[in-house]
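Here's the structure, in structure tokens; my notes come after.
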Number of protein chains: 4
Amino acid sequence: MKQGLKITVIGAGSSYTPELIEGLIARRTELPIRELWLVDIEEGREKVNIIADLTRRMLQRHDMAHVDVHVTLDRIPALKNADFICSQFRAGCLEGRIRDERISMKYGMIGQETNGLGGFANACRTIPVTLDICKEIEMYCPDAWLLNFTNPSGMVTEAILKHTQVKAVGLCNVPVIMQKGVARMLNCDERDVVMQVAGLNHLIWARQILHDGQDKLQWVMDEILRGNDLLVPHNIPPFDWPEKLLRQMGMIPCAYLRYYYTSQDMLEQELGEADGEGTRGEVVKAMEKRLFDIYRNPELSEKPQELEKRGGQYYSEAACELMSAIYNDKRTIMHVNTRNNGTIAGLPDDCAVEVSSVITRSGPLPLNVAPFPEDTLRLIQLMKSYESLTVEAAVTGDRNAAHRALILNPIVNTGTILEAALDETIQANLDYMPQFR
Amino acid sequence: MKQGLKITVIGAGSSYTPELIEGLIARRTELPIRELWLVDIEEGREKVNIIADLTRRMLQRHDMAHVDVHVTLDRIPALKNADFICSQFRAGCLEGRIRDERISMKYGMIGQETNGLGGFANACRTIPVTLDICKEIEMYCPDAWLLNFTNPSGMVTEAILKHTQVKAVGLCNVPVIMQKGVARMLNCDERDVVMQVAGLNHLIWARQILHDGQDKLQWVMDEILRGNDLLVPHNIPPFDWPEKLLRQMGMIPCAYLRYYYTSQDMLEQELGEADGEGTRGEVVKAMEKRLFDIYRNPELSEKPQELEKRGGQYYSEAACELMSAIYNDKRTIMHVNTRNNGTIAGLPDDCAVEVSSVITRSGPLPLNVAPFPEDTLRLIQLMKSYESLTVEAAVTGDRNAAHRALILNPIVNTGTILEAALDETIQANLDYMPQFR
Amino acid sequence: MKQGLKITVIGAGSSYTPELIEGLIARRTELPIRELWLVDIEEGREKVNIIADLTRRMLQRHDMAHVDVHVTLDRIPALKNADFICSQFRAGCLEGRIRDERISMKYGMIGQETNGLGGFANACRTIPVTLDICKEIEMYCPDAWLLNFTNPSGMVTEAILKHTQVKAVGLCNVPVIMQKGVARMLNCDERDVVMQVAGLNHLIWARQILHDGQDKLQWVMDEILRGNDLLVPHNIPPFDWPEKLLRQMGMIPCAYLRYYYTSQDMLEQELGEADGEGTRGEVVKAMEKRLFDIYRNPELSEKPQELEKRGGQYYSEAACELMSAIYNDKRTIMHVNTRNNGTIAGLPDDCAVEVSSVITRSGPLPLNVAPFPEDTLRLIQLMKSYESLTVEAAVTGDRNAAHRALILNPIVNTGTILEAALDETIQANLDYMPQFR
Amino acid sequence: MKQGLKITVIGAGSSYTPELIEGLIARRTELPIRELWLVDIEEGREKVNIIADLTRRMLQRHDMAHVDVHVTLDRIPALKNADFICSQFRAGCLEGRIRDERISMKYGMIGQETNGLGGFANACRTIPVTLDICKEIEMYCPDAWLLNFTNPSGMVTEAILKHTQVKAVGLCNVPVIMQKGVARMLNCDERDVVMQVAGLNHLIWARQILHDGQDKLQWVMDEILRGNDLLVPHNIPPFDWPEKLLRQMGMIPCAYLRYYYTSQDMLEQELGEADGEGTRGEVVKAMEKRLFDIYRNPELSEKPQELEKRGGQYYSEAACELMSAIYNDKRTIMHVNTRNNGTIAGLPDDCAVEVSSVITRSGPLPLNVAPFPEDTLRLIQLMKSYESLTVEAAVTGDRNAAHRALILNPIVNTGTILEAALDETIQANLDYMPQFR
């Protein structure tokens, strides 16, 4: 097996990167790294340099000074012969995210980076860049694995799977947080519980929670209804699932399903926040500023605790574990975005789904998913059509596909208001969405 | 073949009944009627008597005085050995409809008698009564055909098909108006065009418009985009389909699809009307009052022109044509609500769909429906799950089923607001929805 | 509507043609023919001339001398601006059929012109010629309707639908005979009964037999079990369906299903006949010789009774009725081979199925088919895979597709014997199957 | 976790049992056994006692004398509080198997214990007994796992899953042999290769063979075509797959698929053997006699090498590995018969399929199976219908279901011959098939 891995991080100027470095350090005996390439664009030059310095200090501290850390704005040398590529960039930066939020709310809709109109805009900015990167991967490192946690992770992964030959896996921290929360509830090692999730990115349900020969799903549901919020990401404010909703479903929805099951409440909460502390994007922007002030400190050689509040916790740990599982053929069960291929009945074979999979050296082998109850399936199918049409619009710039996508989304308002909101979205993003010109 | 038919009308005190009578008169040579039973409930006693008098005058005028016209508040004698039963009652009367509209709007949702929260409420009031009637039919006239145009016609028909042995067909005037409009656009006899529709009640699309060996659908679409509104019921205010929406669909949506494709506009229009001339139910109530004043006139022996404005035009003509098509094995192609049985791929076999069918003496034989484009299918599937769960809730009084139904409906707001709106709906209707007690 | 039709018959030297002429004469008031083009190939020159003379005498006798009868070996002028084309040729003539029978039997298999190895060989000879004809139709008469009753009718129709733009309908006399038999059993006019059939060509079942408001299927089944053989073509020797087989099926299989349900008996019967009076092809060859001796008689100006024994009875009547139903937009329910498009659930959309359809000026609109019981569906699906792979092999000459097709067919023996039988079939037919060179 | 397991073997008088004991000994550190119950019926009394003595000697030799070995003809005490139950009995003994073979061949059909008419007979003898055992398990050890390797393993497992609450897994050595053969071809440890199989028992295909990050399926196929027979069970005589068949399939069929892909050769080979050395059952009977003569030897305290020739090699090893994987939550990927639940698209959810699964303490979690090519799927679907109807017939004694099952099976001859063969089968087995009385 190959020794001396080359790992490339696209969008390395992200404030998450120290977590990724921490994960690589923790796995240094199982993931023998030789080169680490930190890539960003001109706008991120300062940030990626701060990250690189911190990275070197962290590696130094853990006797990993032998790892070559490269910083570059040029992707080609970074990709050449890479073994793993972590994609974690944000097309249009946080400003793009904030703009999405504000435009959506202006038209009375939820504004969010992966859902509704905001998710659509984000996909249309991100997918063209991602496909460019993939063309380079096909040329310079066709055997590399691309670990995508660039949002909207499900649609981006679908675009890669449909339009390139790249070996890609999409990641998200939502199921990771659920898995860790369940293990803590059960007071057991994470590896002793098989929590099977299925659905689409940010639209998953835990279908079974196997521990010690029994399905503990009902018990976990009871815990949640008693107020246990261990399964909810830090960046999501506290809330309660309606008991009857959970009971009748017989599955545990991820926290993002609040956007669909309690959409009016979410909208009102968002509008309130936007008038107060700012939108989520604005809050994150301020947080990022504080984090980089901390990262700059030449005394710092560990991931600072403040990062955990950032919301993406475990993202990078998931990436490190996935790299190790592939490299070491570990057969770990992880929750990833991959080609459906019949896993979820009722969805096209070639779409991306987020499902629990056995990770092998050849990539993920999804576990079979028992048929969903009809009503839940209908929501998943509807959202997948929204996603696939969004991917089509993002690739082709077909405004009709965009319109058909958005009409289907339950948290998008339809009618003349949608025409206006879509126009404004495209106009405001034209530099990042040349396909719509 | 049997001579001397017995026709029974449930909810005969409706202001539509004169149109039905006119239709029977027009078909007097092909539909040999001997008895006509007009049935209503205590609240409708005055109205049904007015209708009965007018009916007798109309029959008299057309040399049909030999037809026995019975008025009764007791369904049993009316059903005994009936050949055809027309169901056209409104559970909870117009007051129920108005209440539905007002509650929906109070919670920021579209209030409408067949869609969204209003459609749900209407189904829950109507289905228990309908199933009672069906039990009587099974006992007193098991061979009779039940023609249902009681709203929500699709869900009521589904309840009958799933829970009784009654031979039932659901009817709606929406496709009838489309068919007549198309024939007028094409300047041809209605019988020379085959317009195939498919979908669910109030959620249909014209899939092909065959005339003179060609599919004229694109031409009709052009007409509509030029402003031709012949396909739109009178009771729906003028509006324009967005050109790109229609073009990308490649099918012609019925006017009710505005509630989904332009839902924000519809909501605003409704809220405006509610503050002005009143809700649709309130407008109809005033109109009904005026109609009955006209019907009372002992000189009147024809259906008055004013009735046409009522919105339900052609409803009764469709019923008469359907009775004649069955009785005479006419093989006419009509648009009816019937058991899916594979007609629309992707929906359960046992649900009700609204599809173009050949009418035989054994009832409707649906024409095969070409597979729908994926995005449209997703909307149909979602709405069918809403409908089937609503039927389940209406039959069992299961509040969870009610909640699951409403969560799926795109024009229903979800979250705490939905809990409140559902509570208020059930409380306000408790007399008509004993199943929820 | 166009007056003065041009009808072209490909393979007009067939002994069936007088029946076709009789049918056209019978419909002379509804099908205004101006030109009749009789086309054949060099090998059929003598026969087509005999037919042409007889045709002229028949037309003369019925005051239709105004119809121009052309005989030609050149398809192009015959196709130019044709309105209807009847395809009824036999690629490789009767000698090809006989060879198929003898090769199949040599390897211990049923030898038959539309089933098993023989059906495969026939398809591979016929489909290339048919596609050539279709290319000419696309060029010289793109609006014409092609009525195919060249065997194997289902596979030939599928090849046309998949590989050309021609408006084609496949015909077979099997359902016609069933329909007529049912009407005689019920002692009613054929038009008063709706017998719905569904399946593939020579693999259909009657699903319902509606008459006078009731489904008479069980009654008809009782008749069949009492020995009534009115539903069986003349060319099929008498046989009895096992009662329990029929009862458990709840549908009425066409006579050709004996090849699957009682295959061993059929094989033994065929082997016996081959040693006695000769194979079916040999019997037909002798019969044809006798028929042409009769046709030659210059006194003959009517279809001779002897033709009825030929087996294909009603074939041509079906063709004439179909032409009239299209031309006059009659909405008759006929049983035709057409694009599946969802009609039979569980089969691909783009394959050909044989189903009862409403015939309009725009062609057939199939009636929806209720889902088949699982075991019957499995047989249909298997046979359709055999058919579609055969069509693929016939078009591409891919020997692997041929092998995969034959392996699936239940009346084909697999193993080294199949390799040998397939080799011999291809070698013996190489002049007619250049695609396999 | 529970210490001191109780393991019960039903049909322990089988000549395979020493292999099972060997497997338990090999896993003594991971499977802490306290009690071993060997159960048989009166006819097997002598054999089970010989086995018990040998078992004790084997345990003694490996310092496992602390394990209590019980022999009994009474299932109840053996089942009480059992942890694992291995079912490996043969209803009707080898005489039944031989009778099945001889009857099938008499009617010109392949005679085999799991396929065709023989498989049907075996299922009808075995399933009633199995369901009786399951009723006892439900009562006396409802938490136990039942490991079924009683043949026909797929149908028996389906009967258990459909008609009982027992936690059951069906096993077969065919995929185990394939897996071991592949590992030897690749010259690697068995655990380093993921060979995914899917299909039905004795009707599986290897879909991918993942090793070192690549799919080696094509390479393995090349090996097989070069004559490598490592994937073929010892009890199957040497044979060659036709190269083109394998290539066109793109999957590796298990050796039992020869019965379908080369059925005529198999029949001829069987008929030859039956006239020579005897049928497979007769050969096994002689072999068993020799084995028991060896087992009797009081000096013997190891599994004798002769057992390997018996055909069922690795059967018992698979059982031991499965027990350990469940007990230790090992997450091993094994090939088992379990509920389909959407794993193989196109088959009912509630049927049994044989698929590669991750084994957890809660039982098997099947890996998703990529959609099969259409033609292969059709064969699987057909065979599943045969299996499910056979299970129905075995449970209900419905002769119609039996007939419908057999008609579908490609290696069963249909017609009067089938009626006779079925009659004879039922008559000859009436003592073991009381359900058909």
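Positions of Cβ are set from backbone N, Cα and C atoms, glycine also.
Just so it is clear, the model here is predicted, and its values are computed rather than measured.
These come from TrEMBL:
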BINDING   C:R97, C:N151  substrate binding site
BINDING   C:C172, C:H202  Mn(2+) binding site
DOMAIN    C:197-412  domain 'Glycosyl hydrolase family 4 C-terminal'
SITE      C:E113  site 'Increases basicity of active site Tyr'
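Projection of TrEMBL feature records onto the structure.
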residue : record                                       : Cβ within 10 Å
C:R97   : substrate binding site                       : 26
C:E113  : site 'Increases basicity of active site Tyr' : 22
C:N151  : substrate binding site                       : 24
C:C172  : Mn(2+) binding site                          : 28
C:H202  : Mn(2+) binding site                          : 23
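Here the Cα atom of C:E113 (site 'Increases basicity of active site Tyr') is found 6 Å from that of C:R97 (substrate binding site). Mean model confidence of the domain 'Glycosyl hydrolase family 4 C-terminal' (C:197-412) amounts to 93 (pLDDT, 0 to 100 scale). Cα-Cα distance from C:R97 (substrate binding site) to C:H202 (Mn(2+) binding site): 17 Å (rounded to the nearest whole number). According to DSSP, C:R97 (substrate binding site) sits within a helical segment.
In this structure, the CA atom of C:N151 (substrate binding site) is 10 Å away from the CA atom of C:H202 (Mn(2+) binding site).
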